[in-house]
Each structure stands twice: as structure tokens, then as C-alpha cells.
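Features of the protein shown, as given by Swiss-Prot:
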type    : residues : note
DOMAIN  : 5-76     : domain 'KRAB'
ZN_FING : 109-131  : zinc finger
ZN_FING : 137-159  : zinc finger
ZN_FING : 221-243  : zinc finger
ZN_FING : 277-299  : zinc finger
ZN_FING : 305-327  : zinc finger
ZN_FING : 333-355  : zinc finger
ZN_FING : 361-383  : zinc finger
ZN_FING : 389-411  : zinc finger
ZN_FING : 417-439  : zinc finger
ZN_FING : 501-523  : zinc finger
REGION  : 611-636  : region 'Disordered'
ZN_FING : 641-663  : zinc finger
ZN_FING : 669-691  : zinc finger
Amino acid sequence: MEDMLSFWDVAIYFSAEEWECLGPAQWKLYRDVMLENYSNLVFLGLASSKPYLVTFLEQIQEPSDVKRQAAITVHPGGKCYTCKECGKGFEHKKVYQNHRRIHLRVKSYKCEECGKSFRFPSLLSAHKRNHTGQKPYNCEICSKAFHVPSLLSVHKRIHRVQKPYKSEDYGKTLHCPSLLSQHKIVHTGEKPYQCEDLGKAFRYPSRLSNHKKIHTGEKPHKCEVCGKAFDYPSRLSNHKRIHTGEKPYKCEVCGKAFHDPSKLSQHKIIHTGEKPYKCEVCGKTFHYPSILSKHKIIHTKENLCKCDICGKAFHYPLLLSQHKIVHTGEKPYKCEDCGKAFYYPSRLSRHKKIHTGEKPYKCEVCGKAFYYLSILSKHMIVHTEENPYKCEVCGKAFDYPSRLSNHKKIHTEDKPHKCEVCGNAFCFSSSLRKHKIIHTGEKPYKCDICGKAFGSPSRLSKHNKIHTEDKPYKCEVCGKAFHFPSLLLVHKRIHTGEKPYKCEVCGKAFYCLSTLSVHKRIHTGEYAYKCEVCGKAFHCLSTLSVHKRIHTQEKPYKCEVCGQAFHASSKLSHHKRIHSGEKPHKCEICGKSFYYPSRLSKHKVIHTGEKPYHSQASGKTLDYPSRHSKPKTIKTGEKPNKCEICGKAFSFPSLLSIHKRIHIGEKPYNCEVCGKAFRNPSRLSNHKKIHTGEKPYKCEICGKAFDYPSLLSKHKIIHTGEKPYHSEVCGKAFSYSSRISKDKKICTGEKP
């Protein structure tokens, strides 16, 4: 034990002449250093009893009193080793050599685990216990264990409720003098320890040392279960509870339990509603000082570090350095499993969870688990339906402030991100990146099940749910389920009738914003998405994607009942109603039901008598746009869809598909009453009217009823006497187009 340090080995000695030269500043420095040296010895367990001189210093005596006490207590004789730097004397050579390391800053004792160095072997021994987890010093009252005896001594004061060190300003009492010194800094607001990289300041050197590990990336404490590394042993301890499921910190108000005490402290503020940290500029209050610090940057905008390439500004040089990597394209952090590279190590850490399947954050309401806490927080809003952030222009509410900020750009029409290829502009840079994939054709994200490729990982994630059929979001009104909460929200508007998105040109309203965006292109005439095969242009990308399947003959959506395949999922959904007999769209006037809303809209024209579509070719007004567009196709003679067997051509691919069934003999649509089969669903629908005797289309003049609107239209010509169809051979006029074909054969002498 003779080689162990004592208080007198690290004490500062002054001669009588030197004491007389000390001014108030030097006296204060002497006092602080002496108390700090004693605190270090206590921490290492090397102080058996408190010297009387230390008691004097703690009680803040006058310099003259301390001078007398130092002269009595400190013995100058018997010290053969004198330090040249500070004049201090030592009896033993080894103690003198250890003392010299303080001036030379030599740290000879290195930790083999993490590489950290120390001046004394006793400090290294105490440090090693952090790695081994050894805590040999136990509290006799509560059995809590500690690495070093000094921490045990401080802990014991909790049981004795002994706090001998009192703050003069606020009267707060503390267990030890070092805590009192630290506490005083809180009142002064002083942060003397500054980070050279980020500029961030701290009250204590220990906090600065901890902070520096962010820049160095040092994480010596590794989890044995999942391999995740941490910068501090306390964080590793908290992390381990994720695997064990242990939540020892419980809220007294609501009973919610947490892994670590800091999370509990944060949670408690929810119940109290306390926001003690106020912004001096705008008066906004916050729960935590860290959030206030981040908020203050909005007002200051000082000392911004600007990017030379794009001009983007940052508050800290570290953030600028991270940003510059985006321009260089360098992605130094690579995933060992799939080879994907990232700009930042944090992004790589998040990505790795996909491979490990670790989803430590679980929803207490529905049991769904998530990779990240932030995504769980977002998910919880689905259950609460809380949308606290409201748009001042249109009144729409959002769950997050970032989504409100993005939404506001719709009203300002500010689209700073422009595509260099086609000139299309976007509100957000992310939207521009997604758009560029259209021009490059790049689809790096592939589905493992069906092999389908996508331009973005989010699209692949959405697609994967088709295979799993996991639809956790259910409508309370009709029971329909959805993959995503956003789709459920849009669907609910069908029941409520809410259409918040209105077209400024024609006044038409829509359930969702994307439908309004597509609709607007009708007025602008914008067809941004063009088919490379046939040159046909479309308003939106999804319509182009569906159209391309006509050329590739790809039909990924198959009916489980009859095996018929379709280009688009919407077509399959419509087709399924034929088998189920579901007709959800009902006419309010006559009660007739339809499979599709478009059919109901067409049907309503019969009751209103409205004919809004005008044919430029014949000058006639028509009740349906199809009657206007189909004659145009016939007139131009355009029939691009040709049958490979007989060579017959058709205007539309749907007609070609129906025609092909003649050759293969396929009749997938069966009548449930008589068993008769048909090639297409419209023929089956017409046939069913024979059994029901239904004739919903009635002539207003003579009262005659018909099965179909086409027969009613033909019948009306009898009353009007109109003959719009002229023979090119003899010039004779006819009421029906079919009569022209018969007349041609009579005039030419052709025998049918």
C-alpha cells in the first residue's frame, strides 16, 4: 500500500513568501485545484479520511486562515524528491514519477479493449470494470453495486439523506462538492467546453468527451444478442432490455412501462402538459431543452456554412460535410448482405434491420411491429385519428408538421424542381427524383415472388402487400379492408360524400388530391406520359403502365373463378362482380342497379333526357360520349387490333379479345337460370332480361318499352321521321345504318 497516492502527494505547497504574493484570482485557483485533487482521490477510493485542510477549503475560509492551517498541516521536511515544475516534494521515488506524468501528460497505461490511455494504473483498473461489468462495491442497505468505492460513498448519502453542500444562490443541497460545482454552472448558463467540429458547447468536460464519440464513431460496447454497438455502457444496458422485454420504469399515472428512465421522464410530461423551455424570440414553449435548441436555429440563421456547389446552407460544418457527399456520389457505407451503399452510417444501421428482421417497436393497440420508433409514432395516429396540424387556406388537417409544409406548396404553386428532359416542374426534390425514372427506365427494386421491378423501394413495399393480402385497415361502414391507412381515409369519403379537392376551372370536386391533379390535365391538354410503341399519350404514369400491357400481352390479374386474366387490377375487380352478382351502384329514380358507377351515370341520362355530347361529323347531339367517339373511329377506318387467325381487324383491343373466343369456342359467362353460355358479359346481361321480363327503357310518346337504350333510340326515329344515313350508291336516305348495307347489295346486284 506504500505506493498508493495520498492527498499530500497531490497537494500544492507554497512557501511563506509565495503565500504573500497570492492575489484573489490565484487564491481561488489554489482552492479549486486542491478540492478537485481530493475529489479525484475519493473517486478512486484512495482517501481513507478527509484532511482538515480540505474541510477548511470547503467552508470557504479567508486566505489567511487557510495559510495558517496549511502551515500547521503540511510538513515540509523529509521529502528528498522535489518537482522542478511546481516545487512539490515527495518521500518516495515512484510517487514522484507518477506525479511527473501530470506535467508531461504521459498516459502509459492503455486499455486493451478500447485503446483508452491513463496516467495511473489505478485509473486503468477502475476503467476496465466498465468492460467486464464487475461491480465489487455493494450497498449494505439496497444491495446496489458500483465500479468504484467513491460512487458507493456518494450513493450511501441517499439513504442518510445527507446533503452537506449547499448552493448559496438557490439553497439547493447536494451530496458532494463536485456536484455542487456542477450545479452552479446551471444557474450561470456557462458552457466552456466547445466541440471543434460542430461548435456545440457543453457545461462539463465529460459531456464533451461523450459527444465527440459521435464524430469518431467509437462504439466499444457491443450487444451479444444482435451485435449492435453503443458508445456508452448505460445505452447497452437499456438496449438489452429490448431482447429481454424488461420494462422496469413504470408511469404512475397510466401504468405504461419503459426500457430506460429517460423515456419515462419524457413520457410524464404528456400528463402534466408542462413545457418549461420557452423561446425568447417567438414565445413558443417546448417539453425539452434539446428541441428548444433546434428551434432557435430557425430565428438566428447565423454562421451558416454554405455549399459551394448548390448553395444550400447549414448551421454546422459537420452537416455541410455530410451534405457534400451527395454531390460526389460517394457512398462509403456498404451493406455486407446485399451490397447496397449509403451516404451515412446511420442510414446503413437502419437498413440492416431489414435483413435481421428486427422490429423492436410494437404497437400496443393492434400489435403491429416496426423497425424504427419514428414509424411507430406515425402509426399510432391511425388509431387516435389525431390531425393537429391544420392548413389555414383550405382547412385540411395533417398528423405531422412536415406534411402540412409539403401541402402548403400546393396553394403557392411553387415548383422549384424542374426536369431537364421534359421541363416538368415539381414541388419537392423527391418527386423530381421519382419522375426522372420515367426517362431512364431504371427499376432497381425487384419483387422476389413475381419478379416485377419498381423504380422506388416504397412502390415495391406497396406491391409486396398484394402477395401477403395483409389488409389491417378496415372500413367500419362497409367492412372493406385496405393495405394503407391513407387509402382507408380516401375510401371513407365515399360514405360521407366529402370531396375536399375542387377544380378551379370547371368546379368539379374529387375525393383525393391525385385524382384532381390528373383531372387538371384535361383542361391544360397535358399528356406527359407517352407510349414508345404506338405513340399514344396519357395524363398519368399509372395509365401508361396499364396501357403498355396491351403491347406486351401481360395480364397479371387473374380471376380465381373462371381463370380470365386482365391487364389492370380494376378490370379484375369489376369482372368479379359478374360472378358475385354484386351491383352496388343503384339508380335513385327507378331503382335499377349497376356493376360500375360509369354505367349508372350513363343510365341517368335516360331519365334526364340530357344530351351533352355533340358530334362534329354529323352535327347530332348524343347522350353518351361513346356514341360520339365510336363513329369517329369507324369513319377514319382505324382498326389497329388484328386477329392473327382470320385477319379481322377491330377498333379496340377489348373487341379483339371477345372475337378470339369464337375461334377457341370459349364462353365463360353462364346464365344461372337456363345454363346458356355467352362470350362476353354484356350479352349475358341482355339475355337475363328474357327471364326477368324487364324493359326499363320506355318511349315518352307512345309508351312502348324496350330492353335496351339502343332499341329505344332506334324506335324514336319512327316518331321523328329522321333519316340520317345516306347511300353513297343511289343517294337514298334511311333511318338505320343497317338499311344502307342492304340497299348497297340491291343497287350493285350483289347476292347476300
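Including glycine, each Cβ sits where the backbone N, Cα and C put it.
Summed and averaged per residue, pLDDT over the zinc finger (501-523) gives 82.
Outside the zinc finger (669-691) by six or more residues, the chain places 575, 578, 658, 661-662, 707-708 with a CB less than 8 A from a CB of the stretch. The stretch with the most CB contacts under 8 Å to the zinc finger (305-327), chosen from 221-243, 333-355, 417-439, 641-663, is 333-355.
Broken down by DSSP into helix, strand and coil, the zinc finger (641-663) contains 11 helix, 4 strand, 8 coil. Panel annotation: around the zinc finger (221-243), residues 130, 133, 210, 213-214, 259-260, 349, 356, 358, 360 of the same chain, lying at least six beyond its termini, place a Cβ under 8 Å from a Cβ of the stretch.
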